Amino acid sequence: MTPVPVSVDTTADFAAPPTKTAPSTSTRTLLLAPPSIAAHEEKLRDIFATFDRASTDLQMLDRLSAGFVSLPAATYDLVLVLTDTDSARRAEALQLLSRDVYSALVPSMKGGAKLQLQDGTWNSAEGLEAILAGLVEKDGAFEKPAYQEAAVPLRLGGKKKKAPAPTEQPPVATGVGFVDGNDELIDEDDLLSDDDLKRPMQQPANCQPEKAKKRRRPCKDCTCGLAAEMEAEDKARQEKADKDLNVLKLQSTDLSDEVDFTVQGKTSSCNSCSLGDAFRCSSCPYIGLPPFKPGEEVKILNNMVQL
């Protein structure tokens, strides 16, 4: 007999009907409720009758303010603060919308998402924290700006700037503005004759010193001769004073002189040195010294006795 081929049925004996999945929506809503609304179940029932529970989240403002709840980033298209239609809970809700709440709320909003109140629009004073958080007021609500990212090309190593071309200088005439150090200088005294040099110098009236007043000081760049004249007077006065101070000083030639009062027959003009007593004459160079011993050699150096 010829073998008969056998086929295996691989189909399932029981096929369940395909389940219908609800179409996913990209719009999500966040409801922020004050703590007092939890005691009114009918309020929550009415709210969820308006919003789809599958795409709506409910959070309590007090828990969000305390940091017990963390919101997903860039998720919600609408944030609605439940204040009741008659504004019964407006003050309670706005009091809980602190800076910490906005710090957690704004990052969870998508670009272009809105923040609204259930009972109406915001007042100017109520939206200060929202503005500080980066939201923009629009049509009685606050909207998060939709920032777009764009790549900006950065050019590195740009072209080097060309050096400016040198400007042409106008031609300068020869011999103008130049000083030649090899030129011979003329002595001004050669231009004066002997009579001009013997003629007394005439001082200007401004430089002549007044007799009744103090001596006039010469100018810093004096050219009338007053400075040289006063310098000569000061030099002569200094030389005279130095000469008066050197009256009592011995010259270097006097160092070789020796005085010996121990030689027999030598006496002073006052005849007191031979008495064997101390020198007491006021003009004696040995005043105050004890009498010399026989044979002692004495020298005078710069008016000082050298024994």
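Even glycines carry a Cβ here, placed using N, Cα and C.
Over in Swiss-Prot, the protein carries these features:
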BINDING   CYS207, CYS219, CYS222, CYS224  [2Fe-2S] cluster binding site
BINDING   CYS270, CYS273, CYS281, CYS284  [4Fe-4S] cluster binding site
COMPBIAS  15-26  compositional bias 'Low complexity'
REGION    1-26  region 'Disordered'
REGION    23-152  region 'N-terminal SAM-like domain'
REGION    159-179  region 'Disordered'
REGION    207-224  region 'Fe-S binding site A'
REGION    270-284  region 'Fe-S binding site B'
MOTIF     270-273  motif 'Cx2C motif 1'
MOTIF     281-284  motif 'Cx2C motif 2'
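Feature map: Swiss-Prot annotations on the structure.
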residue: CYS219; record: [2Fe-2S] cluster binding site; DSSP (3 states): coil
residue: CYS224; record: [2Fe-2S] cluster binding site; DSSP (3 states): coil
residue: CYS281; record: [4Fe-4S] cluster binding site; DSSP (3 states): coil
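Across the region 'Fe-S binding site B' (270-284), the model assigns an average pLDDT of 62. Cα separation, CYS284 ([4Fe-4S] cluster binding site) to CYS219 ([2Fe-2S] cluster binding site), rounded: 52 Å. Between the alpha carbons (Cα) of CYS281 ([4Fe-4S] cluster binding site) and CYS222 ([2Fe-2S] cluster binding site) lies a span of roughly 55 Å. Considering other CB atoms within 10 Å as the measure, the emptiest surroundings among the binding-site residues CYS219, CYS284 are those of CYS219.
Every protein chain considered, the tally of other Cβ atoms within 10 Å of the Cβ of CYS224 ([2Fe-2S] cluster binding site) stands at 16.
Just so you know, the Cβ of CYS222 ([2Fe-2S] cluster binding site) picks up 14 other Cβ atoms within 10 Å once every protein chain is counted. Counting every protein chain shown, the Cβ of CYS281 ([4Fe-4S] cluster binding site) has 13 other Cβ atoms within 10 Å. With DSSP states grouped into helix (H, G, I), strand (E, B) and coil, the region 'N-terminal SAM-like domain' (23-152) comes out at 46 helix, 32 strand, 52 coil.
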